[in-house]
Structure formats: structure tokens, C-alpha cells
């Protein structure tokens, strides 16, 4: 496995090099590897058999991801609110900033390791990645466009008829092909090259520092029940005790109307926190220190508060300043610069 | 006395003969042997009406009036009919292939009022269908969502579209219009357009249970005329779909009290009324 991973990195590296330098000799060894599961990751949830990633499908998906025609006035692309340098979030925005300078109500989540996601959106409601893009495309504050019109616009462009033909054999542009191409791009946005991953895979002789190691032990004790390894989320929806927002966003309840789902939001991954501030579903915390202090002392007893944050009547997770420092050191090992710099995922 | 009984006897014989003759004459009309391979055209017609009147969209010049004495006009009426099943006089059931069993009935387009399917030749006394989109289809992959189920169909949610993106699934029944009784505040229509909107959906949830507004409707053809499905003709079960029942059904309500019902627990009350809209009028064989 270890050798295989090296090979993957090597080939990817060469591919990137080939792209950058436009070196014709390198093109011979350019090989698109498709979806490769990192050896320390579980089996993906996404049904790859129904939509195998091909070079052409991925490239079409990438074009679509960065295509502003997906929005009503051709100004906003997926990449507008999911910026690679911010691990495909909209860094610096508490809630996403969409079409006509409209603001949404939720913080733009990362496009990262989505093949392992069981449910989408902070408040759930979408269970299939192939159906997720409909939400931002049609949402008033995001792209405010109809899917029908997006497809109509794409059909007029020779660039797309030929990209669809490359990917799917004919020039037909339909919902399923459009969605599947976008999924192919999105599931290829894999972040698995952080220091943590290298330590776990025993690559490059990577080892945790003393602080990181102590932080890792603390993490496993205090955080891992929800932010489980190696994806650093268990994919569940929980109420982590945030004070109820002025707009009274009820999270998962909106999609299920179950009282027991009120104020539950999807547990986010802790990967790439360095690039994805601000935090929480409404981006209320600007810094990681703010998040840790929330868990230390600001957890509120709102309906359906997760039991792990209310152990024998004590709200939150007690964290000393020293523990916070160590946890922060560990969390920093989850940053993955190779992911945010992966030229394959960038707008071409 | 004797003469009378002879007469009765004669009458009996004559009527028996008449019955025999007539059944002889109609012999060709006997139900053919039921075979799932022997398919013939069959249709269910969804003829939309409003109480005692026909459906006319944008009827601002001649308003409808519900049981709560509220006058209203209708601008949009669309609903899904799916999973058509028929039952023969002898109790055999045939379910139409699911891939060919989704229909979007659009009040603005008369051509959409027929759900045309193929069923085995036979005599049918019951038609069973779903109002809405079943839960299985509602959770299928994007490849299985074609035709009227295509999320791109109808131009999106604010136009004619029936797909709910944010809570993956379909609106089963979309009914919009205007009424002067609607207030301009947050309990009515804050845009001041005095518009009512009923978008009823909810298939029961993907992994956790949510509201389920899927309704199975069983239509008995016994009194209105059974469907004699044969290859050489088009048997058509003509239903009257009374959208006045949305307001006046078992769970009757006033527009002023509930001008907007979408994905909410109250929608389950409205859905009860929806199941009461369908009435068999006659069958054209």
C-alpha cells in the first residue's frame, strides 16, 4: 500500500509538472488515475460503479464547476463560494455571498472528501451528491437559476457539446450527465495528504511533535466521538450547543419536521481548518480559539443538545489553556497544503 | 289463475331466450384470457373541475367560491399520478411497468390530462393509482429521474417545476391562485399579491421518517362502467378531479387561515383532502 501511494503521488506530481511546463515529453507518462481511495480511508459512500470517474468526465465536471453560466446572470460559479485556496470554502465570509450581492444564511462548506458523505448541506435534506448541485443553482441567494435554463445555455456552446461528447459519447446534454460530471469533479477533491495522513500511513518518516501527539490524545478523548477519524466527522447531525441565532435556523428539523432534530447541524470535518475560517453553520466564530472557547465555556442547553456536551449536568468540554494549545497543534496537522494547491482541481 | 302462471312461464322463457341471444350476440365482448404479454391501450383521464364548474385558470372575471364563502381564482394546478394498477372482474391485478407509470397532470395543458398506459386485455373493475411520487422513486439516482421526473423539467420550482432540491423529492400537488381574503402580513402574503400556494409533498424520508403525503387512490368502476380493454380500441376511464375538495374535503379549511401550505405538518391535513378529489364519472370503451 505504501509503495502504491508513492506511485500515485509521483504520477500525480508528474502530471502537474506536465501541465505546468507544457512539456511534450511528459505527456507520454501523463496518466489520469481516476478515483483512488487513500489507503487510510474507508470505502467511499458514493456509488462509483454508477458513475466511474474518467479523465473526460472529470474535466467536464471541472469546467462546469467553474462555469458562471450556472447562475441566472452568468456571474456566479460553484467556484465563487467554494474557493480552492480556502479548501473550497468562501474564506472570510460568515455566510455565502451569492448572486446580486445577496447573502445566504449558512457558511459555505468545503468541497472535500465528499465521496464519503452520507448527507449534504448543513441542515441535511439532500442524500445524493448527484442531486446536490440543484440546491445552490436554484437558491435565490446563490445562483438563482433553473436547471432547465442552465442546460439550455450549455447546449448553445460548442465547448460544452464537445466536452459532453468526450465524456459521455454523444453531444446530448441532460440532467443526469450534467450532475454526474459535476460529481466526478467533486469526488476527486480528496484531501488526504496532511501531516496527520502521512503520520498514519508512515510516509516520509513523518512523526507528530510532542505537542501534536499530546493534542492527538486529547482529541481522541474529547472530540473524536463526533469528529471521528480519518474523515474527522462521523457524518451525523448534532446540536453542539450554539446559542440560537436571530433567524432561528433550526437545522435538520427544517428537512425532517422531527422535534428531535431541532437545532441539529451536520458535524463538519476538522480537516483544513487553517484555510476554512470562519466556523460553524453560520460562520459565527472567526478563529479556532473562538471555537475551542465555545466548547470550553459557551455551550448552551438548547433543545436536543448532544449528550456528550452535557455530561452529569456540566455543559461543554472542559479545556485548559494548555490543552487548547495542544489540541490546536494537533488540528494543524490536518491542514493539507497539497490539496489546496492541487493544480488538477484548479480552474484551467 | 292458470292462465296467469302460463303467461308468467312464457315470459320467463322469452326473457331467458332474450338473455341468451343477447349474450350470444356479445360473445366477442367476453373478457379475453388474462395474459401479461397481451397488452392493449388503456387510459385514465383526469378531468379537472371546481365544484359545479369546469376548471378555467386565471378566472379573475368569474371567481370560484369555497364552503367558507371565500372567492378565489386559480393560476396553477399540477399534480403527479403514478404507479397505475388495474384489477379485473375476477380479482387479478396488473401493475403497469413503473418506468412508464409517472404522469404530470397540468391544468394549463389539456394534453396532459390522460395517463396513457398498456395493460393486458381484460375487463377491469378497479383502477388504483398513487397521487404523488412513491418513496422508492423519490430516492433513486439521477439516471432514473427522466421525463416529468427530471429535476430540470418545468423550469424550476418558481415556475412550473415540481422538484424540491433542498429536501430532495417532488411536490406531489401544486395549487396556486389568488383570493382577496388573504392578508398582506406575515400570516398571509407579505408581497401583497394575495396569493395562495399549496405545494404538497413529502414521501416519508430518505433515512429517517418524515411526513408522508403519498396517497393511494382506489377507483371502483362498478357503477360508472367497467373498463373493457381490447387491442382494437382505447378504453378510457374518465375521472372528474374536483379541486374544490382541497378546501371542502374532510379536513376543510379556509384560505384566509392557511394561505400557504408547503413542507409542514399541516400539509398532512391538506393531503387527506387531496385523496378525496377523484371521482369516476364514466368509462369510454
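Quick reminder: no glycine exception, Cβ is built from N, Cα and C everywhere.
Automatic, uncurated: that is what TrEMBL annotation is.
DSSP assigns residue A:81 (heme c 1 binding site) to a helix. Annotation comment: TrEMBL describes A:78, A:81, A:82 as heme c 1 binding site.
The secondary structure of residue A:226 (heme c 2 binding site), as reduced to three states from DSSP, is coil rather than helix or strand. Cβ-based neighbour count (10 Å, all protein chains) for residue A:226 (heme c 2 binding site) stands at 18. Taken from TrEMBL, the feature heme c 2 binding site applies to A:223, A:226, A:227.
Residues or ranges marked as domain 'Cytochrome c' by TrEMBL: A:210-335. Assigned with DSSP, the residues of the domain 'Cytochrome c' (A:210-335) fall into helix, strand and coil as follows: 50 helix, 14 strand, 62 coil.
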Where residue A:78 (heme c 1 binding site) and residue A:227 (heme c 2 binding site) are concerned, what is their Cα separation in Å, rounded?
-> 26
What Cα-Cα separation, expressed in whole Å, is found between residue A:81 (heme c 1 binding site) and residue A:227 (heme c 2 binding site)?
-> 24
One should report the C-alpha separation between residue A:223 (heme c 2 binding site) and residue A:82 (heme c 1 binding site), rounded to whole angstrom, as 26
